[in-house]
Amino acid sequence: MGNIWVAFTVSLAVTLIAGPLVIPVLRRLKFGQSIRSDGPSRHLQKAGTPTMGGIIFLAGTAAGGFLLIRSADGLIVLLMALGYGFIGFLDDYIKVVLKRSLGLRAREKLLGQVLLAAALAYWAVFEAGRGTGIVLPFSGFLTPGGIQMDLGWWPFLAFTVLLVVFMSNAVNLTDGLDGLAAGVSMLVALALVPVALAADRAGVAAGMAALAGGCLGFLFFNFHPAKVFMGDTGSLALGGGLCAAAVVTKSELLFLIIGGIYVLEALSVIIQVISFQTTGRRVFRMSPLHHHFELGGWSENRVVITFWALTLVFAAAGLAGLYRLV
């Protein structure tokens, strides 16, 4: 248990040290964020804010994780975060440095995400002995130990790939306001610590603590008005690490509850696109969901803090779903 909070503290400290060192370099290299012209007008003043700042908390997370985690399951969570972060880094680099506004082509990004998710599924089943079952949240209220559905290898592979790709991109969509993705992800990661401990995966718990510490440190530079944005480098890394923890601990469905904000953000985009293409009407003022509230007159900080509070509610609901599952 001690290593868990040491990982959190080391990650927090390294992130706080790295921020003032990295941000001026990003600014000097002119790694500035471009802002959508069709977005909220007050966002236009953010143009030029350094992006790719995810490398700041990834440095902290890696320091806290690799120094203290010795188990393969904890290391695989860190490697998934770094792997997805590398995809995001390539995307950011192409957009910011090579000036190709769309970054990586969609099929290129998707291919990388699918391959990493498939590798995670293979490792979890054939190397970590996870099996191919998924646990139903709240089923512990019905029977001690809960109810587990064994999918078999191929359905489990498809389920894992869909989950990881969907949720990692949902985290990416959540990164649209100062402090939103970092704050939500910190709370989700902290909620996954007891989930991992309940699954007897102390290494994963330490990995989640390190990720949470990195997010907290990053908030010192990313809360409104942000001095730096995490970019796809950071948001995809968060998604990859959180999803890996959920898969290894058999808590995929719990993760959909705990990460409810991510799900709502992604669904708002899907609903908006389907509605506009089929009826010509928009359900939301703008998607993802956080922009809907912004255009409704909410301040940026009000939206962010409200979404943090909702994450606490989702986390409490998810943790309640652990009852008698172990």
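Keep in mind that glycine also has a Cβ here, set from the backbone N, Cα and C atoms.
What Swiss-Prot records for 4-24, 49-69, 74-94, 109-129, 151-171, 179-199, 203-223, 228-248, 254-274, 303-323 is transmembrane segment, and it gives sequence analysis as the kind of evidence.
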Cβ pairs under 8 Å between the transmembrane segment (203-223) and the transmembrane segment (49-69), at least three: yes
Listed stretch, out of 109-129, 179-199, 228-248, 254-274, 303-323, that has the most CB pairs under 8 angstroms to the transmembrane segment (49-69): 228-248
